[in-house]
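Q: Mind looking over this structure? Questions follow.
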Amino acid sequence: MLEHMRLHPEVQEALANKSAVVALETAVLTHGLPYPANVETLQDMTQAVRSSGAIPAVIGLLHGDVVVGLAPSEWEEMLVDAEKCSIRDLAPAILRRKNGGTTVAATAYIAHHVGIDVFATGGIGGVHRGVFETWDVSADLYAMASCPIVVVSSGAKSILDLPKTMEFLESLGIPVIGYQTRDFPGFYVASTGLRLSGTVHDVHEVAGMVYTMRDLKLPQALLLVQPGPSPVDPDFVEHLVQEALEHARAQGISGKATTPFLLDYLNRRAGEQLQKANMALLKANAALAGKVAGALHG
Ligand code: PSU
Ligand code: MN
């Protein structure tokens, strides 16, 4: 195990027994939802994982320790004051003893490192709109290309260029499989109209796919997607995204600040409705991830 890494005893025991464990990402909470909704959401997500029969492992940095399985008593402290940590931010944040919300990229890496094979989030990062000028492509995509783990999400938000994100996933060899859906979901929006490479009907099919990928020794993640349970009107979302992008441009927002800025703008402008949809899909993805982990370890 890495220096500066700490596993919750419950998680350690579950891994030793080869029981079902689900990793949960925290950048989505530290940089995607306001306080105290983020604490409440984490409560819902961990509960959903447990109800599905798996052990939740909340991953994040607390005072420079990489914690796999943050205890409820540690959540608040971590969630109110944390840096956004993608892969490249990990070492600097550890050395400065910071708190950190880990992105899909960093969480997938850490989870795989300790032997967790299923991970739940809301939406993945991807290729940003305006990529020809900014070259902004999320490290999430590259991390999923080299971490064999199941990532359960509701696709990606339309703050991104979704067709290019899908092309990039294909280039990196990452299968994008719909759970009881044929289309790529757009986070708040049930369908983006983008066709998926495959569909599964139950978690046993997911497990079968994972075993086959392991046999093939493929290094990629399997990205499992399902639409959120309380979708929002697509035109409404697109209108807000356009507004958010204009504000980001006007204020010269770039780099790792881009995604949090856009998410914060949407949250502040559309308040309740988007936040409810966001919280509902995080909970639903945690529940599905728990079932997938159960099928893999049953
Ligand atoms: N996309 C969302 N919601 C999120 C994020 C992305 O719809 O909360 C967060 C996730 O933590 C994701 C990260 O891993 O942002 C990607 O950031 P970037 O685009 O800077 O790589
Ligand atoms: Mn970026």
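If you go along the chain as it appears here, the first residue is 1 and each next one adds 1.
Using N, Cα and C of the backbone, Cβ positions are placed for all residues, glycine too.
When I checked TrEMBL for this same protein, it listed these features:
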type: ACT_SITE; residues: Glu25; note: active site, proton donor
type: BINDING; residues: Lys84, Val104, Ser138, Ala139, Asp140; note: substrate binding site
type: BINDING; residues: Asp136; note: Mn(2+) binding site
type: ACT_SITE; residues: Lys157; note: active site, nucleophile
Q: List those of the recorded positions Lys84, Val104, Asp136, Lys157 whose Cβ lies under 6 Å from any atom of ligand 2, in sequence order, or write none if there are none.
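A: Near the molecule: Asp136.
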Q: Among Glu25, Asp136, Lys157, these being the recorded positions, pick the one whose CA is nearest to that of Lys84 (substrate binding site).
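A: Smallest Cα separation from Lys84 (substrate binding site) among Glu25, Asp136, Lys157: Glu25.
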Q: Return the count of C-beta atoms lying within 10 angstroms of the C-beta of Val104 (substrate binding site), excluding that atom itself.
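A: Around the Cβ of Val104 (substrate binding site), 29 other Cβ atoms lie within 10 Å.
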Q: Rank the recorded positions Lys84, Lys157 by how many other Cβ atoms lie within 10 Å of each Cβ and give me the one with the fewest.
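A: Counting other Cβ atoms within 10 Å of each of the recorded positions Lys84, Lys157, the minimum falls on Lys84.
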Q: Can you tell me the CA-to-CA distance separating Glu25 (active site, proton donor) and Val104 (substrate binding site), as a whole number of Å?
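A: One finds 6 Å between the Cα atoms of these residues.
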Q: Could you state the CA-to-CA distance between Ser138 (substrate binding site) and Lys157 (active site, nucleophile) to the nearest Å?
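A: Cα to Cα, Ser138 (substrate binding site) and Lys157 (active site, nucleophile) are separated by 13 Å.
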Q: Cβ within 8 Å of the substrate site's Cβ centroid: which residues qualify beyond Lys84, Val104, Ser138, Ala139, Asp140?
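A: So the additional residues around the site are Ala27, Ser86, Ile87, Thr103, Ala105, Ala106, Ile124, Gly125, Leu141, Ala143, Thr259.
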Q: About how far apart, in whole Å, are the alpha carbons (Cα) of Lys157 (active site, nucleophile) and Val104 (substrate binding site)?
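A: About 14 Å separate the Cα atoms of these two residues.
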